[in-house]
Structure formats: structure tokens, C-alpha cells
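J.: Let me begin by handing over the structure; questions about it come next.
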Amino acid sequence: MSRKYFGTDGVRGKVGTFPITPDFVMRLGYAAGRVLTRMDHHLVPGTKPLVIIGKDTRISGYMFETALVSGLCAGGVNVRITGPLPTPAIAHVTRAQRAQAGIVISASHNPFDDNGIKFFSAQGTKLPDEVELAIEAELDQPMELVPTEQIGRVKRIDDAAGRYIEFCKSTFPNALDLRGLKIVLDCANGATYHVAPPVFHELGAEVISIGTQPNGLNINLNVGSTHPESLQQAVVEHQADLGIAFDGDGDRVVMADNQGQLLDGDQLLYIIASHRHQRGRLGGGVVGTLMTNLALEHALGKEGIPFQRAKVGDRYVLELLNANEWQLGGENSGHILCLDKHSSGDGIIAALQVLHALRASGLSLADWAKRLPLYPQVLINVKVAQRIDLDSNTALQAAVTSAEGALKGTGRVLLRASGTEPKIRVMVEGQDRPLVQRLAEEIAAVVQQEAAS
């Protein structure tokens, strides 16, 4: 069944453009409340479902928080609001409070004038497809206020940030600390701005913070994991041991070594996996995505670590991890899931697992990076006016086959349609950068030619 509103990560778009409008968000809250009330069979008769609401630091978050609360209460749901907190913090609070669902108001790494609504289940995971479809169906029904005595109540959880800080610290071994480490933290002027610095400071690190002055308009603006240049520069200027950058809602992380060299999600995933494997604590294999660098797959294979690829998106990484009963997976963008530590991807917790590996091994971040030199990877986004069937187009298939022959088994070619934009993504990777660049450009030219025909 097709979806009208929900994408792979909730509802997202430009503020003021449908569906990211106050009236729709209020209706979304009402619809979610009605569905949760009908579906939760564990409620004590006469009690109401409980929903946790958090947000990042976008100025529109206040407006949408009020709209959601109004809709949920009108549907007979009690609400607890946390204020600005990372997306994974809401997953944690939802589980800890035994709530029926959690809702995050965020557009992740997007600019401030975007926003979105995403849901967590009672288990702190993405909502099942059938629940999202039920909410969409309810959205098409008229709003009918519950009887006055059944209207929900709203309260604030004043200590939500402190609870989450302690939860993050609990994922780092008690026998280790971060004393002697100078760390630059880039919080993207986003949801981690007031929780990440205390976590690393209380574990003993000397913390230098940037991107911790949100004003509602500067989230992800030239800072954070999607703009790591500020982090790299700050690490060098402060002669820090390493740097850590999060995205606006705190579920992504990238790091920089003491020379300011960037490590992406693939490299961080390797550090965690290799360290755990050496100590017999990996708990199975590792899940990446179609975009995961081939060097990671090869490096894990040499260490005897199973590796599988999921579709792009942390939702699909989680699905494959659960299917295999594995614990560790992630994306090169910095979404890293450590399911033995948390139910969802968490930038702070992922960074702590990397630091655990550094402390336990005695190696620096630069030392670890040398163990996984990434293969050159060229990605070209080709705008297309009309949809192209990538599987049946003979010209494209011939171009891909020719490129794979030129790589001689030392690389990969990937063609995929963007899920959010009218683009075809052409990715070629291998060990010979000039060859990879040429092959990617040749395939992109064929895509353009076929799109125009």
C-alpha cells in the first residue's frame, strides 16, 4: 500500500509548505492519538496513552510542538514534553517512561527552514509500517474531539536532559575514562548542544565546544557532521587529540584525528567492529548499505567478520540487523547502530564506542584510520526529467557492464534512483582514482543521454 505522507523517516519538508504546516501537524497528532488509543491493548481501563515529544533547535519547533500537543490531547492522549533533545534521546525516554510512542520534531541535517515529524514505537524503534499506514488512514477522517473529561494532559519532563546524559555515560566502561584527552565537539547548533559537552567532560576529557549557540536559525549552518570543515580547523588550532561532529538531531557522527583528517561512518564502524571482534564481543557480523565503501567490506573479511549490505537508510540497516540477530551496523554518513547499547542510531553513544576502542587498544584515531584506507569513490547525481527503468534500459546496463569489466573485480558500480529528488545517483569505486572518475563520468553521460531520449 502506497503512502501519502510518510517517507522513510517520517514526514518532512519545507516549513509552511504542505504537509509541514501547523494545521496538518495538529491533525497528525490527533490521528496518531486515535490510532494509539485503539491499538494499545495493555492500557488499564480508564487510563490514557502516553506520548513523549522532543525537538531540535529550529525556530519552527515551538510552533509544531504546540500543534502536536493540541492534536494529541484532543485525541485523548497524555503528553510529556522534553524540550530540545537529540532524536535518540527521545527513543530512550520513550522506553524509560513506558510510553506508547515518542515523537521528534526535526529535519535532521537539513537547513533550519525545513522540519519534520518522526515517530518512535514503545520499544524506541521506528514505527511499524502498519501503524504509519493506520495513522495516514485516520488523517483522512474528520477530527472529533473526545469528551471533555477524556482530553489529555501535558507536562514537562524537567530532568530529561540529565537522564539522557547519564544513560550515554553508562554505555562507556566504568574501568576507563577520558582523562588526558583534549576533544573538540561540534554540536551543529542543534539538539546535542547542551548534552554532548557534559557527557565527555564528566568522563574526564578536556572539551572544547563549537556549534553550541543555537538561535533557531543556525542549525547545521556551516557546522556539524555535514559541514566538518569547522571541526577539522578547530582540532588543528587547539592542538586537540581528536574532534567529534554531530548533525542537527544527534543521530549522526563523524570524527577528525589530531591532524584534522576526517573519518566517516565507514571508518568509525570499522574501529568499533574490529575492536569488539578482537575481544570476542562483536555478537555476529556487521551491516552496511549499498553505499558502504568496498574497503570496509574487504577489511572486515580479512578479519573473518561477516558483512551484509542493506538498502540506504538506517531503517533498513536496523531491519537487517534484527533479521540476523546482529548488533552493529551503520552508514557512511555517520548513522551507527550499536543495538547492545541503544535501540536506535545515536551519535554520542557511537562516538563513545570509538573512544572505548582507542582507550582499550592504546592506539590513536590516526593509527586506526591507517588500518582502513578507503577506496576512491566518485558519486555523480544526474538530474532527470522523467523516470528511467534502470533494470531494463539496455544502454545503461551495457555501460555498467563495460565499467565493471574495466575495474576487473577491484571495484563496484552502483546506479540508483534518489528516493526524494528527480535524480539518478551514479557511484563508482575502486583502487584507481583516475579510472574510477572516468568510468563514473562515462556512465553519467549515458544516463543524461537516456533521460533526454
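Heads up, residue numbers simply count up from 1 along the chain you see.
Every residue, even glycine, has its Cβ placed from backbone N, Cα and C.
Okay, so Swiss-Prot annotates it like this:
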- Ser108: active site, phosphoserine intermediate (ACT_SITE)
- Ser108, Asp247, Asp249, Asp251: Mg(2+) binding site (BINDING)
- Ser108: phosphoserine (MOD_RES)
J.: Return only the integer: C-alpha distance in Å from Asp247 (Mg(2+) binding site) to Ser108 (active site, phosphoserine intermediate).
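T.: Asp247 (Mg(2+) binding site) to Ser108 (active site, phosphoserine intermediate), Cα-Cα distance: 7 Å.
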J.: Between Ser108, Asp249, which of the recorded positions has the fewest other CB atoms within 10 angstroms in the structure shown?
T.: Ser108
J.: Starting from the Mg(2+) site formed by Ser108, Asp247, Asp249, Asp251, give every other residue of that chain whose CB sits within 8 Å of the mean position of their CB atoms, in sequence order.
T.: Asp56, Pro86, Thr87, Ser106, His109, Gly190, Ala191, Phe246, Gly248, Gly250, Arg252, Gly347
J.: Helix, strand or coil for Asp249 (Mg(2+) binding site)? Use DSSP.
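T.: Note: Asp249 (Mg(2+) binding site) is coil by DSSP, not helix or strand.
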J.: Give me the non-local Cβ neighbours of Asp251 (Mg(2+) binding site): same chain, 6+ apart in sequence, Cβ-Cβ under 8 Å, ordered along the sequence.
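T.: For Asp251 (Mg(2+) binding site), the qualifying residues are Pro86, Thr87, Pro88, Ser108, Asp314, His335, Ser344, Gly345, Asp346, Gly347.
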J.: If you draw a 10 Å sphere around the Cβ of Asp247 (Mg(2+) binding site), how many other Cβ atoms fall inside it, taking every protein chain shown into account?
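T.: Total other Cβ atoms inside 10 Å, all chains included: 33.
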